[in-house]
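What follows is a single structure, written as structure tokens, with notes after it.
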Amino acid sequence: MSIWEYANPKKFIATAQRVLPWVATGAAVALIMGLIWGFFFTPDDYKQGSTVKIIFLHVPAAMMAINAWVMMLVTSLVWLVRRHHVSALAARAAAPVGMTFTLIALATGAFWGQPMWGTWWEWDPRLTSFLILFLFYLGYVALWEAVENPDTAADLTAVLCMVGSVFAVLSRYAVKFWNQGLHQDSTILKVGEKDPLDPAYYWPLAVCIAGFILLFVALVLLRTITEIRLRRLAVIEARERLGS
Amino acid sequence: MIALLLRDLRLAMRAGGGFGLGLAFFLLVAVLVPLGVGPEGGVLARIAPGILWVGALLACLLSLDRLFALDHEDGSLDLLATAPIPLEGVVAIKALAHWLVTGLPLTLAAPLLGVLLHLPDSGQVWLVASLAVGTPALSSIGAFGAALTVGLKRGGLLLSLLVLPLYVPTLIFGAEIIKRGAAGMAVEVPLLLLAGITLGAAAALPFASALALRINLR
């Protein structure tokens, strides 16, 4: 029993379909619970008022936006090295999800920034790098759509993903160099240090993060299954056309 | 390889090769921006580094889609791929040729446009230096983008979507050098970082570009 067994699309679909309802239910439960807990049962911040509660959407979305790219990087690498189609299709499936999470993080950040910083948008390093990340997602998805041959598309996007990762990291630090930050540092991992996140927010936030992770897994599984089926459909259609 | 370089240069110089087109575009950007922004010298001097770098970037981008596409159409790219020189070398040479016909003229013409945009004299030398150090990176990165999109019929728009995000670090450091130089601050740090990007891109990206070309020629 090894993870490579799931390179077999049939096996992957069978397992994914067994797991999918549980993951989806888990995501729904965690998100509903976390968001209701976060929005209605946490106190207002003494400085930020109720706007602090946007953290329950903003932080998990931002985390998953980056993690989705890392997942694409890993699956692209697996595709290039071991030529497992499921892996390439999983990368393709994850891209729009990651792109949407990037958008959610940018939008919720803007909604929070308007009352708090007095501006919808600021050319702050974190914000700028996220916008650049969004552009990288856009290019990646566009390349997938543009290339007709599926194997060529998978190869080219995998190469793009790898080169893009290097430049995304470079951009992150270049942008830091270019402008000083307005965005506050992350407080989640600061437990035990000075200025930690208040425990009243910590647990609902943790639930929300778990919900976003499960949501991401569920969406990627579902979309990968769809991609595999679309691939099969294309083969069947091609065969029909040859036969007729 | 030298023969290939000379061939590319000759093709670029001949009519329809696009030599000078990028330069003209660069000039147009520098003329149009003051028309749009207004003629105040102070404002222009402040935005000049950014405008000149963005202009150089777009001028570079303009000629990228012909880098491999023409050779791909008439089949000479297949010949080059099967030639006894490594494809990585071909890519590097083509990027070099692209730099010689776009990046180098841009660098040489930049001081003139700097004057048009009221760039302070202290910034002029850094304008040339930053373009000289940075534009080779634009060509190598652009060659990667061109290699990715070579098989596509209308790859030009996609090419800019893929390449422009990759240009971000180069642009930031390049414009920063001029800005600091014009203000009389130390420029070593961004200059070294920009040189690092150029050298890294020139050393590593031909491999990625050659890989993309091989996939597209399969």
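The backbone N, Cα and C atoms fix where each Cβ goes, and this holds for glycine too.
What TrEMBL says about this one:
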- A:9-183: domain 'Cytochrome c assembly protein' (DOMAIN)
- A:20-42: transmembrane segment (TRANSMEM)
- A:54-81: transmembrane segment (TRANSMEM)
- A:93-113: transmembrane segment (TRANSMEM)
- A:125-144: transmembrane segment (TRANSMEM)
- A:156-175: transmembrane segment (TRANSMEM)
- A:201-222: transmembrane segment (TRANSMEM)
Mean of pLDDT values spanning the domain 'Cytochrome c assembly protein' (A:9-183): 89
Highest-contact recorded stretch vs the transmembrane segment (A:93-113), from A:20-42, A:54-81, A:125-144, A:156-175, A:201-222, CB pairs under 8 Å: A:54-81
Per Cβ pairs under 8 Å, the stretch of A:54-81, A:156-175, A:201-222 packing most closely against the transmembrane segment (A:20-42): A:201-222
